[in-house]
Amino acid sequence: MEHTYQYAWIIPFLPLPVTMSIGFGLLLVPTATKNIRRMWAFVSILLLSMVMGFSANLAIQQINGSFIYQYLCSWTINNDFSLEFGYLIDPLTSIMSLLISTVGIMVLMYSDNYMSHDQGYLRFFAYMSFFNTSMLGLVTSSNLIQIHIFWELVGMCSYLLIGFWFTRPIAASACQKAFVINRVGDFGLLLGILGFYWITGSLEFRDLFEIVNNLIHNNEVNFRFVILCTCLLFLGAVAKSAQFPLHVWLPDAMEGPTPISALIHAATMVAAGIFLVARLLPLFIAIPYIMNLISLIGIITLILGATLALAQGDIKRSLAYSTVSQLGYIMLAPGIGSYRAALFHLITHAYSKALLFLGSGSIIHSMEPVVGYSPDKSQNMVLMGGLTKYVPVTRTTFLLGTLSLCGIPPLACFWSKDEILTDSWLYSPIFAIIAYFTTGLTAFYMFRVYLLTFDGYLRVHFQNYSSTKSSSFSSMSVSVWGREALKIDNPNLPFLILNSNNKVFLFSKGTYKIYNNVINRMRYFHTYFQNKYTYMYPHESENTVLFPLLVLVLFTSVVGLIGIPFDQGVVDFDILSKWLTTPFQNNSNYSVDWYAFFTNAIFSVSLSLFGLFIASIFYGSVYSSFQNLDLINFFVKMGPRRIILDQIKNIIYNWSYNGGYIDIFYTRVFTVSIRQLAKLITFFDRRIIDGITNTIGLSSFFIGEGIKYMGSGRISSYLFLYFSFVSIFLLIFLFYSY
Amino acid sequence: MTSYFPWLTIIVVFPIFAASSIFFLPHKGNKVFRWYTICICLMELLLTTYVFCYHFQLDDQLIQLEEDFKCINIFDFHWRLGIDGLSIGPILLTGFITTLATLAAWPVTRNSRLFYLLMLVMYSGQIGLFSSRDLLLFFIMWELELIPVYLLLSMWGGKKRLYSATKFILYTAGGSVFLLIGVLGMGLYGSNESTLDFERLANQSYPMALEIILYFGFLIAYAVKSPIIPLHTWLPDTHGEAHYSTCMLLAGILLKMGAYGLIRINMELLPHAHSIFSPWLVIVGTMQIIYAASTSFGQRNLKKRIACSSVSHMGFLIIGIGSITDTGLNGAILQILSHGFIGAALFFLSGTSCDRIRLVYLDEMGGISLPMPKIFTMFSSFSMASLALPGMSGFVAELVVFFGIITSPKYLLMPKILITFVMAIGMILTPIYLLSMSRQMFYGYKLFNVPNSFFVDSGPRELFVSICIFLPVIGIGIYPDYVFSLSVDKIEGILSNYFHR
């Protein structure tokens, strides 16, 4: 028993060798490393499976015995400053590491096929393994500095992976945006850590909680300062988990490869913020203000994400907004004090969303040969439709994921979401109403995505329609990996030319200049084609892609069970509660009122069904034509009041499509002001500070020239000076003598 | 245990001696000079390491390997050398960076004999500065440093090299005037007998006004070198024009001389004035972080942008010195080493890539990651190191400085919060300019209109240089205790002056 805990430090470091050997291999012996590329994938999956076994073992021990193990060793020792590194195994850690390793294995398997034709295949696996290392390190860390270290490493991995296809300018700016916004969060986190270090003199969790609670209890500390510090800590969580003011990076992060979106930007990394809140909950609970703030931010994010997901045209962007909204749910849960529900929804959402993202990746892969290798086209739901015929397995899995996210009973998310909804009803009715309303919205937008993708018939021919409608840019078509790659294998060059008509698909109406600039992207194409396919219809992906999907379907279906109360002998209790007994002892006598549960469940399920129904009216196959894409077009048929409605719907549609104008606002306010400041300071630096120096230099030059002129060696000027001074001297002498 | 063998004198004199004998080499092309110089540098580095391994006790905070020869009788000028925990780090850094810089300077073919001669003279000057125990010797070494840099700049620089070189020499010589005033004032103050020995000077006390004046004089000299705003404008110009191996030396070592002097003379010899001036130092350092970061956005020139970023990083150093705490000072010393590595590597990589694409302006570049993936990898790694990513040395240094400032007993609550806050804003600004720099250089795709544009990725030599710098960066980041152990006792000794008052 004990020795498993002793060796638990190995968990984060298991995937690390892959990263290091791939990195050094690529730098030093690139050819040899590339020749055995499939081997690396196998090794990384193997190592991650070992992690999974380890964490499963730990989880079982936590369920049975549930005690907390901590090990520390010193990192730096100074006279009055010492940092300790160590690891902490508690229920939270075991849940998170199990989650990360299972989703990670699925995603690695999937990406072996998904990325197999990419030139950056090895780089991808190196980044992925490093991400797994740092994420596992984050969840096992035992003090705040360690959390901060891995927190930033995770952010860096996210940066590298969003900018994975670095030849796309839009990916380049997206990854920079993600990093900078995450850095804002790190700024808060670091300041919060420093603040608490100053208050308590400790960084280790349990000491910290104890000391802070004592201090607050005895009123020995400036309460406002504590609130400030907790707010700053929470800022870190806000940025990482894409909560309201700082959520803008997540939709842009979809520029990365799809497996990344599934692993990092849906399942694990964005859960790091929640993890931090959950970890620090004993601290936050002592301060009611911060709990209110957490729940407020959660509810804002919840509704905002859901509304913004309504009108996205890109399949991954709409899934990203749905992630934002679901993260709002998860953040709301600790804010209203239900720690258990937060973790439960975190788990179920991670599996469902990973399933959905991997499904969307499969769809994208099957669409790519048909419409072209630009994310504007292959991810565009306008061009999809009717894929049920072509990709049946993906469709089934995607449908199950959608239903799970909507909260339809037997599937996982139903149980967890329902728990959050019930708890929010106890906390505040207004929050509960918003949360319930959002379940309807969730059902609506998720089903919209599903219907647009799989229902009706294939709308590839709308490509030309949409292109003619929009303004055209002249852009050249270049492969992701540049010209050389294009020259090497271009058996499909006619096809490339076919797609490279100089038109760019564009939704915006021309009033949003800034957004236009974002859209104004060059289109890039993969050069690697699957020659065996015909390009008329999409095809189902290969088995290595489908297998992780099916496994995730299994998870999505059964993972809800861990939260469902079983009759186990005398007392009711479920695995999750048993798992989590340690942090909150009062949870152990958690019992379920089945009647209340059913009423709540019926209410939320009926809301979801209502949402599904509306979505199927709007986007269902009855009206399956391009016009149904916009909400506007539905109201065109409504009759006399249509102009007002039209305008309202137009506004809502544009608002939702443009991400609530928050991006534009940030661009206009922060980016522009920082640029102005930089310009001003550069001007100051160059003209004034440097100017003074240059003026001194120049003036000394002129003075020197003047003196040179004076001392030029002409006897007449010497004589003139001599006699003038003699005469002055004589004059003075004369004055004084008289 | 005193070893009577004059190790330090040999270490200091060996490069300059070897440099003067470079003229006796047969003139058979550049290869001879290259190999000769690299061998000399390596031998020097190995010699230094050997001496430090076997003749230096880490746990002793006193001066070791001390040497003392009287040079001028009437003036009490001694050739007095000695090292302690504070100077051992910079000396090793000097050896390391100079060796790599000579390796990086292989493409220099124009008058390479003189070039390598100057590099070796610089080597001597720097080691002499870090190991001198005499005030006048310190000043002489300080001046000895300037001439090679001036010549290197004015002969192997870019287009505006004469302007930059003149600016550099005027700025630094102007600073040296104040340094000389300080040295003489300090040396001649004692009524009975003039002394220039550090140890005796450390115990000397001055009238308050004189101490402040002396402090100020020294501060100006170091502020030019370090640089501290507003005396920093020579730095972007100089770095923008110099050859990249010169830049490596400038950024890696020369800037650290100012910081070293600030600790060695201002903190150790003038403690009272330092405790008066330290709040101002902290304020200036905080402003410098933000100010230099914002100027960095406005720079179009790649090297100038990196130069501004190094000015910004020097801010942390100044704050560390200004927060008179054990932790903060340790952080400052770690920052000296860390920025020495990172700055040198960034200049090296930017210089090599600029030479390849023959462009220096960021907005003209783009998409060079495809032809040069190795440079891209290394450059990204070092930008990450420079923006203080955990696991690399910059993070540890900055974190320790942060801890130093918050644990400092000298400052009150509100100023501390304010200073920490502003420093942390610098943490947000740094990635913006570094990442946008690497985005503009590497990301995206660009069809180069140049016919036969064929860029070679970095060869084994360049890769070796960058990996050599990368390893200590990672090493310090993962286990900083080793570097701390070099200097921690000495710092305790210095700081004990402040608490005995």
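Along the chain as shown, residues are numbered 1 onward.
Cβ from N, Cα, C; glycine included.
Curation does not apply to TrEMBL; its annotations are automatic.
What you are looking at is a predicted structure, and each value in this text was computed from that prediction instead of being measured.
For B:6-25, B:32-52, B:86-106, B:113-130, B:136-156, B:168-186, B:206-224, B:244-263, B:275-294, B:306-324, B:417-436, B:463-480 (among others), the entry in TrEMBL reads transmembrane segment. The domain 'NADH:quinone oxidoreductase/Mrp antiporter transmembrane' annotation in TrEMBL covers B:132-415.
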The transmembrane segment (B:6-25) versus listed stretches B:32-52, B:136-156, B:206-224, B:244-263, B:275-294: most Cβ pairs under 8 Å: B:32-52
For the transmembrane segment (B:463-480), sequence-distant contacts whose Cβ falls under 8 Å of one of its Cβ atoms, 6 or more beyond its ends: 96, 100, 103-104, 334, 337-338, 341-342, 344-345, 348-349, 374, 378, 381-382, 385, 390-396, 400
Positions on the same chain near the transmembrane segment (B:32-52), where near means CB under 8 A and six or more residues out: 7-8, 10-11, 14-15, 18-19, 22, 25-26, 65, 88, 91-92, 95-96, 98-99, 102-103, 106, 112-113, 116, 119-120, 123, 127
Recorded stretches the transmembrane segment (B:244-263) and the transmembrane segment (B:275-294) touching, at least 3 CB pairs under 8 Å: no
Long-range Cβ neighbours of the transmembrane segment (B:113-130) (under 8 Å; 6 or more residues past either end): 11-16, 18-20, 22-23, 25, 27, 33-34, 36-37, 40-41, 44, 48, 81, 83, 87, 90-91, 94-95, 98, 101-102, 105, 137-138, 141-142, 144-145, 147-149, 151-152, 155-156, 245, 249, 253-254, 257, 260
Contacting positions for the transmembrane segment (B:168-186) when only residues 6+ beyond its ends and CB under 8 Å are counted: 135-136, 138-139, 142-143, 146, 149-150, 153, 196, 201, 210, 213-214, 216-218, 220-225, 231, 234, 237-238, 265, 269
